[in-house]
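Chemist: Dumping what TrEMBL says about this protein:
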TRANSMEM  23-53  transmembrane segment
DOMAIN    39-288  domain 'G-protein coupled receptors family 1 profile'
TRANSMEM  65-84  transmembrane segment
TRANSMEM  96-118  transmembrane segment
TRANSMEM  138-162  transmembrane segment
TRANSMEM  198-224  transmembrane segment
TRANSMEM  236-258  transmembrane segment
TRANSMEM  270-290  transmembrane segment
Amino acid sequence: SMNHTRVMEFVLLGLTNSRHLEIILFLFLVIAYFLILLGNITVVSITLVNHFLQTPMYYFLRNFAFLEITFTSTFIPSTLYSLLTERKIISLPGCFLQMLLFFYLGTCTFFHVATMSFDRYVAICRPLHYTTIMNNRFCLQLVLACWAVSFLLMFPPTIMIVRLPFCGPNVMNHFYCDTSLLLQLSCTDTGFIEGLMLIILIIIIPGTLIVTAVSYGCIIVTILHIPSSTGRKKAFSTCSAHLMVVMIFYSTSIYRYIRPAQRGGQDSDKVLSFFFSVVTQMFNPYIYSLRNNQVKQALKESMLKAFSSSLR
């Protein structure tokens, strides 16, 4: 009954309208993506080949690194292409696929952060029971649960969005296909889907934040009881770096997705999205893994082996 032309593509306005800023952003994103890939591929490789890194903590870090590679790859290459060519068009199927992968993998990230914080809680607060609780089977179950629950949460609303009619306008003030903006562009009532998405996001973001906050809270209390001042300082140094990343990641995500959506999209939304989807991902492998003394030692040994092999 609606005499409208079906939208077949969307226009993503990107991060800025200034060509000079686009060039700067392109260079920054190239460097950021390189660091993300380099850091996370290093974590995956070194934790696979080194015998001393075959522990639950590095098992979770390896999965987290793989997740970060796939998550950032859903939008950074296409953003780089649009910045380089000034082509800001994305097809309807491409937009839906990017939306599904971005929010599915993003949801996995929240659950993995909570899982890693729980692992650290058991290791620090219940060290005598660590190997019993965090056995291989339980670790595998936790990782599979992260992927499965994320899929079960994000797949139903994604299917509902895919089935919506889009009749125009087709312009999104963003650098990737964002769910809230897609719902605004639909030419039908989306109140039920918006309510469902809000409930799901409350389960995902504040829900995993509670687990993470409680875990780190217990860790801090345990650290305060360490008799050695050197031990306390070392533990706080590692813990504070983790907490800084977690605070930036969660605060930007909550403000971006839990508050009521702004019609048409705001420039501040793009900045917030850029922080939690690029900036935090860039530092994660270096803060969570590559600062660790065991990882540093494993990297040195691997580089020495590679160097000695090349001399033969």
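Just so it is clear, glycine is given a Cβ too, placed from its N, Cα and C backbone atoms.
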Chemist: I need to check the long-range neighbours of the transmembrane segment (138-162): which residues 6 or more away from its ends have a CB within less than 8 Å of a CB in the stretch?
Modeler: 56, 59-60, 63, 96, 99-100, 103-105, 107-108, 111-112, 115, 118, 179, 182-183, 186, 193, 196-197, 200, 203-204
Chemist: So which residues does the transmembrane segment (236-258) touch in its own chain, when a touch means Cβ under 8 Å and the partner is 6 or more beyond its ends?
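Modeler: Counting only partners 6 or more residues beyond its ends, the transmembrane segment (236-258) has Cβ contacts under 8 Å with 110, 113, 117, 120, 180, 198, 201-202, 205-206, 209, 212, 216, 219-220, 223, 269, 272-273, 275-276, 279-280, 283-284, 287-288, 291.
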Chemist: For the domain 'G-protein coupled receptors family 1 profile' (39-288), what is the mean per-residue pLDDT, to the nearest integer?
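Modeler: A mean pLDDT of 88 is what the predicted model shows over the domain 'G-protein coupled receptors family 1 profile' (39-288).
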Chemist: Of the listed stretches (23-53, 96-118, 270-290), which one yields the highest count of Cβ-Cβ distances below 8 Å with the transmembrane segment (65-84)?
Modeler: 23-53
